[in-house]
Amino acid sequence: MQLVFGLLGGLALFIYGMQNMGEGLQKSAGDKMRRILEILTGVPIIGVMVGALVTAIIQSSSATSVMVVGFVNAGLMTLKQAVGVVMGANIGTTITAQLIAFKLTHYIMPIIALGFALNFFAKKRGLKYLGQVILGFGILLLGMDLMKTAMLPLREFQGFRDFMANFSQYPLLGLGVGIFMTVAIQSSSATIGILIAMASQGLLPLDAALPILLGDNIGTTITALLASIGTNLTAKRAALAHIMFNLVGSLIFLLGMGFFKEWVLSISSSDISHQIANAHTSFNIINTLLFLPFVNIYVKFIEKILPGEVETEQFGPVFLDERMLKTPAIALSLANKEIARMAELAQRNVTDAMQGFFKQDERILKDVFEREDIIDNLEESITTYLAQIAQKGMDPALSNRHTGLLHAINDIERVGDHAENIAQMAMGRIEDTLPFTAQATEELQEMSAMVLETFAKAIESLKNEDQDVAQEVVQLERSVDVREKQLRRSHISRLNHGQCFTTSGIVFLDIISNLERIGDHSHNLANIVLGEI
């Protein structure tokens, strides 16, 4: 039992330390990693370097792969770009194995002490994050040392050593064990850590460790596969590309195991810890070099395995053109088109948030949260574009229009926020199985229909700069206000008479409040068209 608890406890500390390292590095980098992934992936070789850098920082190839699937699903990254980043992620994840291969046992406690001191006593935020990284590294090393110590008694059991040696004679068995271990632990670095711990105690020869290592590289792709469930076709292709890349590479290396072993021995010292770490790094670098020249062919191969066409939501702006900034009138028209597109996305979110609430469908609600990211991105892009227009100089009429569009962006973004609020309440209803009476459901359907009609008219008036439609919006919004007050009074009466559950009643009131505010923002958009803002 001491062996089991020692191994599990050491593994827990190893993973916890690795997570702390990743969190500290991510905090110090802020949102830069996401921006790097968004911008610097146009050429596959650049994608490889970016994938390696990001994964080395966040300490998880699985996390990078999940991000890539999300970006592809949002239309932010093409399949070709995703393949490059995934290749790089495989290389970046090997940094952990290289670090733990060094003999740092005598420095574990000083490293932990230094990390703790910086994390808890430093005033500057950057030093605190550095402390978290160092502390995490120390805990990781401590976990590694505990695993080694726990496995020490196994050296006395010849049967166990013979069993482990069998993986060199039956490499497919070793491959399967590596896949299983990584899927179970959900960390390829932790699996490599266990291999190094066992090998350093003489329990696992190199030729038995190599098949397990290759299986580890296949098992790590499962996370991205799970993340692709419910995504679009291109995102599923990105996950499949990751699996096929690692699977085919592992099978190639398995067939050439003898050559691979000789290569590892030729570039490594006699220390088996370094041999395993170098094998891990070599496999991923060589596999990338083998595939990289054939990225275009590989992408077509993946598209043939998963055929079909897919429509992705454009993450960034569609109509904004910096070449038009020299002509403010045209640039403002383009901005108006982009704002109308942003408004239509917000409209879809309101519709889906309510449908997700009524149908209690998490898949619909997931779309709302993903689309909200697009709306936020558009808000930033359009605001920046309008700021650039303002620098060009405008006559009073254009200046007033410019101001109105800035207000419109804010109102539409707030509509998106209210839709997200409703979606979150819908998720809460699903999680807590909150009951709603037929009357309450009918009233919410009525209120949402009124608000959606009002917002649709507001978008129409903004898109076409139609003042007659804008006047209709003003009248509709007054009706929304009146109906919201009526529903609020009647629902409070039901609550007081115990005719509905208190928690459900609070959610009901919150939803009609959010819907009423969407009506207010629709009114604001109409006022912009009418020239009253």
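Backbone N, Cα and C atoms are what each Cβ position is placed from, and that goes for glycine too.
Per TrEMBL, these features apply:
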DOMAIN    339-425  domain 'PhoU'
DOMAIN    444-529  domain 'PhoU'
TRANSMEM  36-58  transmembrane segment
TRANSMEM  70-92  transmembrane segment
TRANSMEM  104-122  transmembrane segment
TRANSMEM  129-152  transmembrane segment
TRANSMEM  172-196  transmembrane segment
TRANSMEM  208-227  transmembrane segment
TRANSMEM  239-260  transmembrane segment
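Mean pLDDT for the domain 'PhoU' (444-529) in this predicted model: 86. Sequence-distant contacts of the transmembrane segment (239-260) (same chain, at least 6 residues past either end, Cβ-Cβ under 8 Å): 65, 69, 79, 82-83, 86-87, 90, 171-172, 175, 207, 210-211, 214-215, 217-218, 220-221, 224-225, 227-228, 279, 282-283, 287, 290-291, 298-299, 301-302, 305-306.
Through the fold, the transmembrane segment (208-227) approaches residues 61-62, 65-66, 68-70, 86, 90, 93, 164-168, 171-183, 186, 188, 191-192, 195, 198-199, 238-240, 242-243, 246-247, 249-250, 253-254, 257, 260-261, 264, 272, 276, 279-280, 283-284 of its own chain, all at least 6 residues removed from its boundaries and within a Cβ separation under 8 Å. DSSP labels the residues of the domain 'PhoU' (444-529) in these numbers: 79 helix, 0 strand, 7 coil. Listed as Cβ neighbours of the transmembrane segment (104-122) (distance under 8 Å, sequence separation of 6 or more from its ends, same chain) are residues 128, 130-139, 141-142, 145. For the domain 'PhoU' (339-425), DSSP puts the residue distribution at 80 helix, 0 strand, 7 coil.
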